[in-house]
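To keep things clear, I will list the structure first and then write my remarks on it.
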Amino acid sequence: MRYVASYLLAALGGNSSPSAKDIKKILDSVGIEADDDRLNKVISELNGKNIEDVIAQGVGKLASVPAGGAVAVSAAPGSAAPAAGSAPAAAEEKKDEKKEESEESDDDMGFGLFD
């Protein structure tokens with residue numbers, strides 16, 4: 001990803017065909033060593049292509065990928081009715097989870113980056 005980002009940075013900066021040297025210079029400026037094999041792979045895949053077209057194709061491909069969420073789960077026939085003694089224990093666990101969750105939310109100063 002760092003090689004693609006560096007390539008895009010160079011291309012958006014006006015260099016229509018960044019070389020390995022250009023990308024290494026960008027990576028070195030932030031203290032990242034470049035792996036020549038990966039770097040050459042990225043350059044060979046992107047060289048001569050219009051960056052806007054590549055981004056548009058990528059967005060189209062990402063739009064077709066399902067992004068989690070609704071998974072249908074069916075319970076086994078015998079597990080539909082839980083035992084009567086387990087209900088209070090489940091309620092107690094939920095209280096503990098809410099308590100822990102509120103403590104964690106204080107750590108991120110209310111931003112909820114991964115919520």
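Backbone N, Cα and C atoms are what each Cβ position is placed from, and that goes for glycine too.
If you compare SER16, SER105 in Swiss-Prot, the phosphoserine annotation sits on SER105. Residue-level annotations in Swiss-Prot identify, among SER74, SER86, SER86 as phosphoserine. According to Swiss-Prot, of the candidate residues LYS21, LYS41, LYS49, the site noted as N6-succinyllysine is LYS21. According to Swiss-Prot, of the candidate residues SER44, SER102, the site noted as phosphoserine is SER102. Cα-Cα distance from SER17 (phosphoserine) to MET1 (N-acetylmethionine): 18 Å (rounded to the nearest whole number). LYS21 (N6-acetyllysine) sits 17 Å from MET1 (N-acetylmethionine), counting Cα to Cα.
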